[in-house]
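S.K.: Pasting in a structure now, in C-alpha cells, and then I'll have a few things to ask.
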Amino acid sequence: MTTPQRAAPPATVIDITADQLADHTRRLLDGGARLALVAAHHDPDAIRIVYLFTAGPPDLRTELHLRTDPDQPAVPSLAALSFPAGRFEREMHDLYGVQPTGHPLPRRLVRHPHWPHGWHPMRADAGARPPLAAHEPFPFLTVEGPGVYEIPVGPVHAGLIEPGHFRFSVVGETILKLKARLWYVHKGIEKLFENHPAGERVALAERVSGDTAVGHALAYTLAVEDALDITVPPAAQRARAALLELERLHNHVADIGAIYNDVGYGIAHAHTQRIREHLLRLNHATTGHRLLRGAVYPGGTRLNTVPDPATIKSVVDDITDIVDIALTNTVVRDRLTGTAVLTKEQAADIGVLGYVARASGLPLDARHAHPHTDLPDLAISVRDDGDVLARFLVRADEIHASAALLTTLLPTLTPGTTVDPPARHAPGRPVSGVGIVEGWRGTIAHRVELRDDGILTRVKIVDPSFLNWPALPVALADTIVPDFPLTNKSFNLSYAGNDL
Amino acid sequence: MIAWITAVAQAVLVAAVAPLLIGFMRAVRARLEGRAGGRLVQPWRDLRKLLRKEPIIPADAGMIFTAAPLVLMATSVLVAAAAPYLSTGGPLSGVADLIVVVGLLLLGTVALALAGLDTGTAFGGMGASREMTIAALVEPTLLLAVFALSTRVGSTDLGAIVAAGAADPAAVFTPASALAAAALAIATLAEAGRLPVDNPATHLELTMVHEAMVLEYAGRDLALVEWASAMRLTILLGLLANLFIPWGVASSPHPAALAVGAAVFVVKLAVLGGLLAAGEVFVAKLRLFRVPELLAGSFVLGLLAVVASAVLA
C-alpha cells in the first residue's frame, strides 16, 4: 500500500500524416474517446500538432502527433467530426498561424481584430508585438426582423467579475441569439511557462484561474510527474484528492450562494457567505492559504494541518439546511426550474464537462475515468433536466459527495511535507507528460513538454471553461433577458481559465 | 396660512425622513440576515456625497434626461405637501384628491422612463419598457383601491377620506377596506421597486427595472433621483398608513396636534418599513413574466374592493 506507484498510464503516441488524421480521429471518437486537448509546438524544423484523446475507465490516453511545414503550416480541419476540435483549431490558428483547411468558420478566436495580421504570439520566432491597429471593425451577426433589438453588455461589468462582451439579440424580453466574446484577458500564460525548470512553475499553474488553484496545480503536477517518471507515495496522492474536494466544497458553496443572490433571496446568500468563510479559514489552517495555494507540487504534497472530519460534517449539515430552506420557497424554485435548458444531445455535441455535463445527463467525471488515487466511495451525481435547477442540485449533491470522500480520506493523512521537492530532474531526452484532474468546474487537462535538461518547452492548458463557454448561448436561446445572470451563474465559467 | 405652513412642514418631514426610512429598512434587513449592516444615516451621507459631485450627461441625451430628475422631485414634493400626512386640512383641499395624487406619481414615473429612453442606451430602453409594463398595471390598481375607500365617504379627496376614517374608526375595518389595503400594498411594492417585483440591491444590469432607467445618472442628478425615489416610497407607505390606520392625524391646525401627528406618522412609517424589510428577507424576486400575474391579482383585489364597498354601503 505504501509503495509509490505511477498515477496514470502513459499516453500511447501515434505519429500520423495529415491524410490519416481524420480516420484516426473517427476511430477514436467512435471508440468512446473525447478530444481533450490540441496543442501546437514550434519545433526548429516543423510545427508539430498533438491531439490528445482520452477515455476511461480504464484510463486510456492516445496522442496523435502530426508534423507540418513551419513556413506554411496547415492541418485538415476536424470541425466536421468534433465541435471542440473546431475551437482548438481556431485557437491554434491565432496563436501559431496553423491554417485549418476546410474549417467551416475560420474566424479569429483568441486575437481580437485590432491585433496585427500575420503575427502569431506563441511561435518561437514571434518577437515583440507589432503596434495594434487603432480601429478595426468587430462585426457581429445581426439578427433582423420586426421588433428585434440588441443589448450590448460588457466587457466591463458592474460588480466584481471578469471581462467578457455579450451581445444579445432580443425581441421583447426573449433572447433570440447571444454572442459571447471573450479573450479580453489573454495573458499568454502558456508562454510564461517556457524556458523554466518544471518544479519552479507550480505557482504559475495555481494562478491560471484563481478559484481553481488545486485543480490546475495538480493537473500540472501530474503532467510533470508523468513526464519525468516521478512516483509519489499513495498518502501524497490521497492528500491531493482531499485538497481537490476542499476546493470543490468552497466553490460550490459560493456558487449556491450566488444563485440565491441572483434571484434576490438575500438571507440564503448571507448564510452561504458565512459558511464559505468557515471553509476558507479551514483552508488557511490546512495549507496556509485561503484558496489552498502552495500545497501541491511535483514530487509531493504539503499540509500544515489536517482538517477534522467533524468540522466538515457540521459545515455540510449547515449548507444542507440552507439548500432545503431555499428550495421549499416556491418563488426560488420557480426561478430555477426549467430555466435555460441544455439538453443531453446539445451537451454531448458541444462536449461540455463538469457539473454542466452532469446536470444534462452525461456522467463525465475524471475522478472516475482518470483516477490519480483510489476513491472507493466516489458518488457521481447525474441529473437529466439540464436546467438551472439541475446544475444547482448537482452542486448540492457534490457537496455531500465531497464530504463523504473527505470523511474517509482525512483520517489517513498526517500533517507535514510528504516528500521534499525533488532535486532538479534531467531526463536526458525530450519528454512529455499529461495530467488530467476533475477540478471543481470540470475536467482539467495539462500537457507539458520538457527538454533533456528538464526545462519546460511547452505547456498546454485546457480549462473546462474553454469547452463549456459555447454551451451558454445554446442554453439561453428562448430564455428571457432577466434570467441571463442566473443562468450565467449556474454555469459559472472562468474567463481567466478560458482566455489564458 | 396655517394650512400652507402645514403643507411645507409635511414636505420637509417627508424629504427628511425618506432617506432615514431607507436606512432603517436596510438595517432591519441586515440584522435579520445576520449581517452588521450600515448606519441609519448612510443614505443621507450618500446623498450628501452625490450632491457635491458634478452630474455627467451622456453625449446623446437631450433635455428630457436633464429635466426628469427635477420633474420626479417636484412631483414627489407636491404629493408630499398635498396628501394628508400630518393634517387632514391641507391648503389644496378639494384639489389634491386621489386622482391628482396618482396622476402626479405617474408623471414622475413617465418622466423617468422617458429619460431612460433618452439616453439611447440599451439598458435605459430596457428599463423603461419594463417600468411601463409594470406601471400600466400598478396605476389603475392604486386608483381602484382608493376609489373603494372614497365611495364610503362620498368624496375622492384624500383628506376627507382620512378625516372620515379618524372620526369613525369602525368604518375603516370593512371587507372592502381589507381588500383595498391588500391591493394598495402590492401596488406600493411594485411602484416603489421593491421585492418581489424589483430588487433594489442588485448590481446585475440585465435584471434591473428602476435601476436600469437611472444607470446613466451621476452626481447631483443621481442624488435627486435617489432622494425622490426614497420620498415616493415614503409617500406610498404614508398613504397606506393613514388610509387604513388613520389615528393620530391632526384634524385641527393646532401646533401640538401637528407635532403629535408628525410623531405618529414617523412611528407608522417605521412599523410599515420594518414589516416591508422583514417581508423582503423571506421572498425572492419573481420571474419578470410572473410580475403581471401578481399585479393583475392586485388589480382584481382592487376591483373587488370597489364592488364590495358599492354593494355593502
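Using N, Cα and C of the backbone, Cβ positions are placed for all residues, glycine too.
Feature list, courtesy of TrEMBL:
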DOMAIN    A:16-126  domain 'NADH:ubiquinone oxidoreductase 30kDa subunit'
BINDING   A:E190, A:I461  Mg(2+) binding site
DOMAIN    A:267-419  domain 'NADH-quinone oxidoreductase subunit D'
S.K.: For A:I461 (Mg(2+) binding site), which residues of its chain lie six or more apart in sequence with Cβ-Cβ distance below 8 Å?
M.R.: A:I189, A:E190, A:A205, A:V208, A:H216, A:A219, A:Y220, A:I444, A:A445, A:H446, A:G497, A:L500
S.K.: With DSSP helix as H/G/I and strand as E/B, how many residues of the domain 'NADH:ubiquinone oxidoreductase 30kDa subunit' (A:16-126) fall in helix, strand and coil?
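M.R.: Per-class counts: 27 helix, 34 strand, 50 coil.
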S.K.: For a quick check of packing: other C-beta atoms within 10 Å of the C-beta of A:E190 (Mg(2+) binding site), how many?
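M.R.: There are 19 such Cβ atoms around A:E190 (Mg(2+) binding site).
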S.K.: On the 0 to 100 pLDDT scale, where does the domain 'NADH:ubiquinone oxidoreductase 30kDa subunit' (A:16-126) sit on average?
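M.R.: In the predicted model, the domain 'NADH:ubiquinone oxidoreductase 30kDa subunit' (A:16-126) has a mean pLDDT of 91.
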S.K.: Would you mind pulling the DSSP three-state label for A:I461 (Mg(2+) binding site)?
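M.R.: In the DSSP reduction, A:I461 (Mg(2+) binding site) maps to strand.
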